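Enquirer: As annotated in TrEMBL:
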DOMAIN    228-370  domain 'O-antigen ligase-related'
TRANSMEM  32-50  transmembrane segment
TRANSMEM  56-75  transmembrane segment
TRANSMEM  82-101  transmembrane segment
TRANSMEM  107-124  transmembrane segment
TRANSMEM  136-155  transmembrane segment
TRANSMEM  197-218  transmembrane segment
TRANSMEM  230-255  transmembrane segment
TRANSMEM  261-288  transmembrane segment
TRANSMEM  355-376  transmembrane segment
TRANSMEM  382-398  transmembrane segment
TRANSMEM  405-423  transmembrane segment
Amino acid sequence: MSRLTLRILTLTTIWYEMSFINRIMGVRLDRLFVGLFVGATVCLNSCSAISTLKGFSGICFPLAVLACVALLFLPDREGDKSALMVGVLAFSVPPVFSALANPSYSNITNTTSLLAVVFLAYLCARKEDPESLCKVFVSVMCVTSVFSLALWVVLNIAGIDLPLPILENVNGVHYKTIIIASQFEETYIEGNNSMGFFWESGVFASYLLLAIAVEFMLQSKVSKLRLSLLIATLLTTGSTAGILLLPLALSVGLLKRGGKVRIAISLSLLIVFIVVLVNFSSIIAELAKINPSLFSKLTDADAVTRLTRLQSPSICWDLFVQSPVLGYGYGGALDVYSAYVASNSTVDSLTTTSFFQLAAFGILGFAMWLVTTWSVFATRRLPATAAFVLLVMFVIVINKEPHTASALTYMLIFAFLSFGEGLTDLISGSKHEGANEKQA
């Protein structure tokens, strides 16, 4: 038997076995394999610890391109995609125009990488229905929570120092990692806080908050197990902002209930907000006494973390004022901001997304603001009060860490946009929902 004949028989056998498995399991293996590859690539390109490691940081872009190519071979989902198209244009056109106006190696390379991430998220929303995407997001956060929580318990409660692989990132920081969950080797940075697969615990806390809110948005009856897991893991991140924002995430679920209950909850939340706002300083001071390691940085006027969060938006705004039409370009804005950080002892990183969009892309960055705001109300899964709370939380979350190049964030925005049936139906549907809410 010739080698060619043998290869043909082997390929035929493999095809037959895959077809048999498809019929038995009711699953298309090609779609399953593509889904797993795309999912891993999305996670890798979403502020992951792996993406910062030496020897790994260069694989994010080529994998994102390969994932986009793989998705192109899958059929589109059914339904109107006009709102989705507006979304991808809002996040892709400004970087292109800004890069053309500010041609440089940094702008070209960084913009190309950003576009790969945006189109990866766009194709995910184009090929899969939005509810499935949101469910996958919550499931991914639950899976990484299980591993992170187990790792946290072993290290902090059992006191067992596991012999995990220790890898160094491009900034000289070391991670103990099992890919799906990591922790800093340098305990002085964030102790043994849970980080998931992200590069720091604050980013993990942000996505846990979004997962809690999305769980409420999708389910009429929320899974107590998933909710408990997400909340428990959030508490182990040690993120001050994450814990302070938890009531907002939970209030999305409370406000989803209809009629007089929603009105009562809305009034109660308004009263609580006013009380907290008036007594904010004293409340933070008391919290700092209860848990100094978690809340003391809010009372320390010289804490670099606090100063960075306060100054980062104003620095980006100053850059926007200097170049308001098309900005500095994605790479250019990063370079200018990094130079400022290197010469300033009170700012150590970029923490804002919205204002950085203005610095990088100029006035076109406002289109990104508009689409982000619109996407939350486009879900049509929440009453206006709950959608407003979700929007407030979403805006705070993406402005306490940089999400400009995070595929998961874009995927959520595009999924939210895809819940609408199109531009015309979305506008008319919003009017009907507003009328229905008044009647309730």
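Keep in mind that glycine also has a Cβ here, set from the backbone N, Cα and C atoms.
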Enquirer: Looking only at residues six or more beyond either end of the transmembrane segment (107-124), which have a C-beta under 8 A from one in the stretch?
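Expert: Contacts of the transmembrane segment (107-124) (Cβ under 8 Å, skipping residues fewer than 6 from its ends): 38, 41-42, 45, 60-61, 64-65, 67-68, 71-72, 84, 87-88, 91-92, 95-96, 98-99, 133, 329-332, 334, 404-408, 410-411, 413-414.
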Enquirer: Would you confirm whether the transmembrane segment (197-218) and the transmembrane segment (32-50) meet the contact rule of 3 or more C-beta pairs below 8 angstroms, pairs 6 or more apart in sequence?
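Expert: In this chain the transmembrane segment (197-218) contacts the transmembrane segment (32-50) - 3 or more Cβ pairs sit under 8 Å.
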Enquirer: Kindly say whether the transmembrane segment (382-398) and the transmembrane segment (230-255) touch, using the definition of 3 or more Cβ pairs under 8 Å where each pair is 6 or more positions apart.
Expert: yes
Enquirer: Give residue numbers and ranges for long-range contacts of the transmembrane segment (136-155): same chain, 6 or more residues beyond its ends, CB-CB under 8 A.
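Expert: Long-range Cβ neighbours of the transmembrane segment (136-155): 39, 43, 128, 161-162, 178, 180-181, 183, 192-197, 204, 207-208, 210-211, 214-215, 218, 226, 229-230, 232-233, 236, 408, 411-412, 415.
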Enquirer: What average pLDDT does the predicted model assign to the domain 'O-antigen ligase-related' (228-370)?
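Expert: Mean per-residue confidence for the domain 'O-antigen ligase-related' (228-370): 79 out of 100.
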Enquirer: Mind checking which residues of the chain, 6+ beyond the ends of the transmembrane segment (355-376), have their Cβ under 8 Å from one of its Cβ atoms?
Expert: 86-87, 90-91, 93-95, 97-98, 312-313, 316-317, 319-320, 323-330, 332-334, 336-337, 387, 390-391, 394-395, 398-399, 402, 404, 413-414, 416-417
Enquirer: Where else in the chain does the transmembrane segment (82-101) make close Cβ contacts, counting only residues six or more beyond its ends and a cut-off under 8 Å?
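Expert: Distal contacts: 107-108, 111, 114-115, 118-119, 122, 125-126, 325-331, 357, 360-362, 364-365, 367-368, 370-371, 375, 378, 410, 413-414, 417-418, 420, 422-423, 426.
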